[in-house]
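Student: First, the structure itself, so that you have it in front of you.
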Amino acid sequence: MTAAPDARTTAVMSAPLAEVDPDIAELLAKELGRQRDTLEMIASENFVPRAVLQAQGSVLTNKYAEGLPGRRYYGGCEHVDVVENLARDRAKALFGAEFANVQPHSGAQANAAVLHALMSPGERLLGLDLANGGHLTHGMRLNFSGKLYENGFYGVDPATHLIDMDAVRATALEFRPKVIIAGWSAYPRVLDFAAFRSIADEVGAKLLVDMAHFAGLVAAGLHPSPVPHADVVSTTVHKTLGGGRSGLIVGKQQYAKAINSAVFPGQQGGPLMHVIAGKAVALKIAATPEFADRQRRTLSGARIIADRLMAPDVAKAGVSVVSGGTDVHLVLVDLRDSPLDGQAAEDLLHEVGITVNRNAVPNDPRPPMVTSGLRIGTPALATRGFGDTEFTEVADIIATALATGSSVDVSALKDRATRLARAFPLYDGLEEWSLVGR
């Protein structure tokens with residue numbers, strides 16, 4: 001005779017979040033409201049489709065699966081093996097790569113694994129200087145990459161704010177790195193991957209391209225692909241790619257064994273199978289015409305914002321655009337000649353309903369918690385459905401705020417921003433779906 005279910009266990013397992021933990025439920029509801037009613041313009045953020053939320057909130061969160069499909073250290077992996085293979089196959093197809101590892105928990109973990117596979121502690125790593133737009137994992141002294149490896153850096157031209165490939169070559173010839181990283185966190189232009197490949201070959205280095213920010217543009221065919229040129233390519237799955245917060249690695253088959261081993265057991269234990277399911281969904285979406293259209297609107301929106309912020313009324317207030325424009329999804333704003341610093345400008349835009357992040361400009365004189373710049377991104381608004389008309393309005397709100405400064409009519413600008421946000425509903429009906437149990 002089968003025993004009756006324990007009533008206490010049944011209650012906990014079936015009760016909605018709002019009943020089990022009303023504090024967290026209330027905070028989720030507030031955050032949903034914030035995302036709905038503000039204009040999200042942090043370049044590294046995006047909105048995932050409901051299908052990705054469902055995959056990441058699925059029963060796969062229960063499953064441990066150390067190892068690779070067909071070679072697990074746990075039983076019961078017959079279904080998650082198929083999930084991971086789908087994600088790997090979709091990543092390879094989307095980027096035209098020979099192999100893919102979809103297990104990294106983040107872009108930083110992906111970079112850690114690649115460097116683990118390609119070099120040994122104490123060997124030389126050459127990357128873009130953090131002060132010129134590089135990422136923490138490209139050699140910053142407090143990061144693992146700065147502690148494990150001997151680091152050299154290339155930068156941007158002080159006048160044009162562009163990467164000078166002749167200068168990169170000269171630095172590489174002198175420094176003789178084991179690995180060169182081409183990639184960025186705050187650089188608004190397309191990189192010359194062929195030139196980086198040539199330099200790497202000349203000095204006997206491996207080339208890692210970190211395409212975390214522009215992977216979605218590459219997937220849509222709107223940005224040159226680094227895959228034919230690089231030995232290995234790392235990326236996040238959020239940002240322009242529009243999936244959940246996580247990472248992946250693609251590249252040449254000859255590095256697959258070393259990288260797989262560097263991910264597990266080198267850097268991580270068990271993969272997050274619910275997150276990998278979300279990656280698989282995001283990668284499927286990224287192969288669609290609708291996704292390509294979203295990326296076109298992302299690029300167009302960034303150019304509209306850059307153009308508006310270079311207009312005479314804004315320039316007169318001491319605001320400029322780093323490198324004189326953008327080729328990608330973000331605009332880097334220079335406030336060194338403005339009464340506003342980066343923190344003050346971020347706070348001001350937050351008041352009017354636009355979320356951005358303060359960001360250092362090349363060779364910024366201010367400390368990193370203050371900065372002299374802003375990084376403004378368009379992916380999240382393009383995901384909501386914004387086109388040129390809406391981005392023109394957003395650009396004018398930002399321009400008015402930055403040009404006018406602390407005396408701006410915050411209420412009037414916030415009304416404009418809120419109207420725009422509410423014209424493009426986000427996650428309509430999500431409360432009833434499950435998150436807050438209403």
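Every residue gets a Cβ built from N, Cα and C, even glycine.
Residues or ranges marked as (6S)-5,6,7,8-tetrahydrofolate binding site in Swiss-Prot: LEU130, GLY134, HIS135, LEU136. As annotated by Swiss-Prot, site 'Plays an important role in substrate specificity' applies to HIS238, with the evidence given as sequence analysis. The feature N6-(pyridoxal phosphate)lysine is assigned by Swiss-Prot to LYS239, with sequence analysis given as support.
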Student: Compute the centroid of the Cβ atoms of LEU130, GLY134, HIS135, LEU136, then list the same-chain residues not in that set whose Cβ lies within 8 Å of it, in sequence order, for the (6S)-5,6,7,8-tetrahydrofolate site.
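Tutor: What remains near the Cβ centre is GLY127, LEU128, ASP129, GLY133, THR137, HIS138, GLY139, MET140, ASN143, SER185.
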Student: Give me the non-local Cβ neighbours of GLY134 ((6S)-5,6,7,8-tetrahydrofolate binding site): same chain, 6+ apart in sequence, Cβ-Cβ under 8 Å, ordered along the sequence.
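Tutor: Long-range Cβ contacts: GLY127, LEU128, MET140, PHE153, ILE181, GLY183, TRP184, SER185.
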Student: Identify, in sequence order, the residues in the chain of HIS135 ((6S)-5,6,7,8-tetrahydrofolate binding site) that are 6 or more apart from it along the sequence and have a CB within less than 8 Å of its CB; answer 'none' if there are none.
Tutor: ASN111, GLY127, LEU128, GLY183, TRP184, SER185, ASP210, ALA212
Student: Taking LEU130, LEU136 as the binding-site residues to compare, which has the smallest set of other Cβ atoms within 10 Å?
Tutor: LEU136
Student: Using all protein chains in view, find how many other C-beta atoms are within 10 Å of the C-beta of LYS239 (N6-(pyridoxal phosphate)lysine).
Tutor: 27
Student: Given LYS239 (N6-(pyridoxal phosphate)lysine) and LEU136 ((6S)-5,6,7,8-tetrahydrofolate binding site), what distance in Å do their CA atoms have, once rounded to a whole number?
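Tutor: On Cα coordinates alone, these residues lie 17 Å apart.
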Student: In the three-state scheme derived from DSSP, which category covers GLY134 ((6S)-5,6,7,8-tetrahydrofolate binding site)?
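Tutor: The three-state answer is coil.
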